[in-house]
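Colleague: This is the structure I want to talk about, given as structure tokens.
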């Protein structure tokens with residue numbers, strides 16, 4: 001596959017990288033407000049919004065037994081897992097390695113993030129949890145995921161990989177085939193279902209196209225050749241028990257890193273976030289959180305009022321023609337991986353997806369469809385792109401269901417689209433651990449630009 005260069009400046013690409021990660025964290029953190037609620041319950045608690053977050057006034061996030069496990073301003077496991085991919089890339093000089101990521105995922109599931117005040121790994125889903133327990137997970141994670149998938153009659157298409165893989169649209173954005181391969185490597189660590197694979201690929205390829213600049217739309221109107229399709233189809237079967245070892249894409253050991261790390265001069269400021277203690281036991285964090293929850297729950301929430309003339313919904317925005325064409329091109333380019341995805345990719349409205357439907361809560365195609373819908377909205381009618389971001393994520397959150405994951409994926413795409421500088425600062429001010437997050441992003445950027453791989 002031909003590689004392409006970007007018409008964007010280094011500063012613009014950095015802004016989109018940071019926007020992608022922060023956008024995901026914001027969508028995740030705000031989406032927690034209605035995770036696992038019905039749309040009717042969300043309306044009872046928050047009306048038509050706004051939802052209070054950061055310095056933004058509105059209805060406070062309900063502190064029930066589910067949401068009370070997190071501190072105010074926390075992101076959830078969705079962003080945690082994306083940051084595990086970032087940490088893996090940083091440790092191996094920008095090379096994604098399946099086994100290294102699997103090891104980090106297992107360690108995180110056991111102890112959370114000790115460097116983030118012992119932040120526990122709350123929110124692990126059925127698919128991820130089942131694969132993590134498999135005896136072959138560390139040595140051959142794709143086989144472990146395949147076995148779990150087969151144990152569920154090959155019908156296990158949750159969104160737990162889609163939520164974490166957006167960042168993989170960045171490191172090799174000039175080479176789409178590398179983007180696709182790394183995306184499948186990361187997805188299939190836990191999710192073998194082809195629906196999960198194609199959904200992750202669509203999101204990472206969209207982000208890689210955004211980073212290419214002005215010509216991103218024209219790149220998707222050429223169908224992949226037969227040989228490329230066959231290669232991708234083989235990658236999707238990685239982990240199948242009948243495969244020969246060389247047919248799997250998760251068999252490489254982590255590369256040697258004895259070579260001087262190109263980011264060794266970057267200051268590591270993790271220790272300042274250890275909170276002054278050496279314990280990695282999450283129970284201390286849990287006790288502190290529950291105490292705060294009790295204090296906060298004692299505060300009275302204002303009555304929710306729904307105006308007689310509520311503000312126009314996102315459906316009235318219409319689609320941005322350029323962004324809609326980009327999304328359509330990428331979906332059409334990769335639809336050969338699984339044709340049925342087309343029924344969800346371009347819904348007429350968010351409500352048409354029924355995101356709170358109990359029988360399909362967390363279904364990967366619904367998550368993808370809601371993210372593409374949000375990503376392609378026309379933002380020109382808003383006072384700022386930051387206000388549009390808030391409006392879109394709020395409306396998506398009020399659809400409820402698996403709202404934090406839906407918000408994380410939509411937020412990653414929107415953040416990559418508008419960039420960090422245009423994200424709502426009043427929301428960014430509400431996120432925890434932003435210094436730590438900035439340090440990881442800056443190190444990733446230093447790594448990516450060390451050999452001038454990103455040019456003006």
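Heads up, the Cβ atoms here are built off N, Cα and C, so glycines get one too.
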Colleague: Have a look at 208-234, 235-261, 316-342 and point to the one annotated region 'Disordered' in TrEMBL.
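Modeller: Region 'Disordered', as annotated by TrEMBL, spans 235-261.
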Colleague: Examine the ranges 109-149, 150-190, 273-313 and name the one recorded by TrEMBL as region 'Disordered'.
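Modeller: Spelled out, TrEMBL records region 'Disordered' over residues 273-313, not the other listed ranges.
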Colleague: Take the Cβ of residue 405 (Mg(2+) binding site) and count every other Cβ within 10 Å, whichever protein chain it belongs to.
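Modeller: Its Cβ has 30 other Cβ atoms within 10 Å.
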Colleague: For the Mg(2+) site (76, 77, 78, 402, 404, 405), what does the 8 A shell look like? I mean other same-chain residues with CB within 8 A of the CB centroid.
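Modeller: Here the non-site neighbours turn out to be 28, 31, 32, 35, 79, 123, 163, 407, 408.
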Colleague: Which residue among the binding-site residues 77, 78, 404 has the fewest other Cβ atoms within 10 Å of its Cβ, if you could check?
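Modeller: It is 77 that, of the binding-site residues 77, 78, 404, has the fewest other Cβ atoms within 10 Å.
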Colleague: Fewest other C-beta atoms within 10 angstroms of its own C-beta: which of the binding-site residues 76, 402 fits that?
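Modeller: Each of the binding-site residues 76, 402 was scored by Cβ atoms within 10 Å; lowest is 76.
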